[in-house]
Amino acid sequence: MVSLQFCTLVVILLCVPSTVYGSVFEVKQQGARFEIDGVTDSNLQQALSGFQAPWNVKQLDLSGNPLSKISGRDLAAFTNLEFLNLSTNVLYETVDLGSLGKLRKVDLNNNFIQNVIVGPAIETLHAANNNISSVHCSASRSYGTKKFYLANNKISSLHDLGESCRNNVEYLDVKLNEIETLDFGQLSGSTGTLKELYMEYNFIYDVSNVKGITFQNLNILDLSSNKLAFLGPAFEAVKNVKSISLKDNKLVLLENIHFRQAHTVDLRGNGMQCETLRKFLGVNPKDKSQTPTRNYNNPKQPENCDSKSGLRQVGVYCCEELPAPFADRLIELKRKENALYSGQSTEQDRRECEQENSARQDQINKIKQKYRTNIDEASRNEQQKIKLNNEKN
């Protein structure tokens, strides 16, 4: 009979408390995974230098601390580090981890970072809820596909992701950023690998495909809640997509793009011209009976076309019989934009703007809640002090 002691998984927990400048940090170990709690800018070097064999550490968790700065130089001794968690600190400006050659996964969620540099082995970067305007991958060679989670940042273009970062991307989430124009060609290095692309709640009004690429394995494209007025020839790049959402844009004119593999094409919440919609549905006939499956409480419920005079029902969508749809609607959109900037907008225009801003803020709050981490009171107070000091400066 085999003794039960040989069938029991033994987890070694090592705690090393130390007091520096009145604060205590604690190191916890589970195999090759280490977690340091209570570490600050002032005692970080002591905490890291206390490792007897840092080259054996593969996972290091520094989350939920009041750290305002760290770089790859601080972690130079951790030559085999594969996973680093720096989420929910108060990191500012640039976080340069490019020298960590084996680092595959990084978590930077919930900081105040502006620029990120990662190394050649990066596979997954979590960096939602920051102020990131650029991401740089320090080597041109790629070790495999990449996943980037960059929601709620300050990215203004896909070019803000370095060329090396844009190669072999499998998953890219840049929703709730500040992107105004989209060129699918900027992801030409990922035509065979990209499976999911999330760009909702940006300010995208123009889409192009300068290099004439086509994504071969794209499953999901979400461009909902942007400013698009035209579904044009550039969307040939995503004609193989399985699910595409263009909900709540400003769409008027639709090119007859055949989304031959799509099981979901979501065009609700737009102001399309009826004739262009009929032609689009003629090329994509399944859309007349199918309905979107995302972002609706009752996905089988057609749009309500009685809310505004002049609307007609075509398939599950509402449309307008406009004689010159594209030019007239563009003029109207430009008028609203200029009126809002000059403070001379109508009450209806202001309400629409407020509704859009409110919807965007709701999504920001959801993202913050999604990645929220509970931390102890002492660390929270220390973080608040650092925030106040940075705001003063």
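Each Cβ is built from the backbone N, Cα and C atoms, and glycine gets one as well.
Keep in mind that TrEMBL annotations are predicted by a computer and have not been checked by a curator.
Pulled from TrEMBL:
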type	residues	note
SIGNAL	1-22	signal peptide
REGION	283-307	region 'Disordered'
COMPBIAS	290-301	compositional bias 'Polar residues'
DOMAIN	324-393	domain 'LRIM1/APL1C-like dimerization'
REGION	341-393	region 'Disordered'
COMPBIAS	347-365	compositional bias 'Basic and acidic residues'
COMPBIAS	373-393	compositional bias 'Basic and acidic residues'
Can you tell me how the residues of the compositional bias 'Basic and acidic residues' (347-365) break down into helix, strand and coil by DSSP?
19 helix, 0 strand, 0 coil
Could you give the number of helix, strand and coil residues in the region 'Disordered' (341-393) as assigned by DSSP?
42 helix, 0 strand, 11 coil
